[in-house]
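Sequence annotations record features per position, and here TrEMBL assigns transmembrane segment to 38-60, 106-126, 138-168, 188-211, 223-240, 246-264.
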Amino acid sequence: MTATEATGKRRRLSLSWLKPPPVPPDGNMTLFEHLRELRYRVVVAVIIVVLGAAVSAVFYQQLLGLLLLPYQRATAALAISHPGLATSVVTSGASAPLLLAMKVSALSGLVLTSPLWLYQVWAFIVPGLLAKEKRWAILFLALATPLFLGGILLGYFIMPFAIAVMLGFTPEGQGITNLLNIEEFLSFMMRTMLVFGFAFLVPLVLVMLNILGVVTGAQLGKARNYIIFGSFVAAALITPGDPISMIALGIPLSILFVAAEVFARLRDRGRRRRGELVVADS
């Protein structure tokens, strides 16, 4: 093998293409450099989640029991309020148990590693910020992780009430048994929890956009009524037929949005005093 061939082989085997491009001191990057940075952050985030899922797979039985706990609490409450109601959890198909284990492990990995992949999101944005704006990186990480996990926990804790409401419509004393497919149930539950988690990040995204100068507090104020109404509409679409989940998601989202608006207005006021913002806040 010639030296040229050996060099080419080493280059092909090298993982240097995964490394992020060096960031210039002024933070200005070309489109190609931004794409390289995005590729790097996405790959790192995926690897982090996969490793988290692998660790979660070891504790699959315990995690499955934790996810089934809301259903068990709901049926225990229904046994008292609706003694004639019959429900049963079933699974179907030879591959269903494997797919179930993969879903549970993937969700758990996503939640377990949320501080790490949330950092990748912010690290992709940081190069475009001014030096004095980069101090918000720590604040972003300090707020993003508890907001995401708080949304997931809220979705988890309201599930027994939501399940009880939906199963409560099962006819009693008619010989009808509600056969709850465990794959469909856990998919619904995991989807709801993730939606709650990501929805709680939306106000923080608005704060980031204000820091980047994309939106002002006045603009958020003008859109307040539409956004609050849209929060409840989105919650109703995400959790159809479940008014409890709609209210549980809509109210916190509205409160968080108002908090984001107040933050943006206060920050804009300070920027106007320093002469950095010309548009008047109303």
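Using N, Cα and C of the backbone, Cβ positions are placed for all residues, glycine too.
Any TrEMBL annotation is an automated prediction that lacks curation.
The model shown is predicted, which means the values in this text are computed figures rather than measured ones.
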Q | Candidate ranges 38-60, 138-168, 223-240, 246-264 - greatest C-beta contact count to the transmembrane segment (188-211) (under 8 angstroms) | A | 138-168
Q. What residues in the same chain, six or more past the boundaries of the transmembrane segment (106-126), come closer than 8 Å to it by Cβ-Cβ distance?
A. 37-38, 41-42, 44-45, 48-56, 59, 63, 134, 137, 140-141, 144-145, 148-149, 152, 190, 193-194, 197, 208, 212
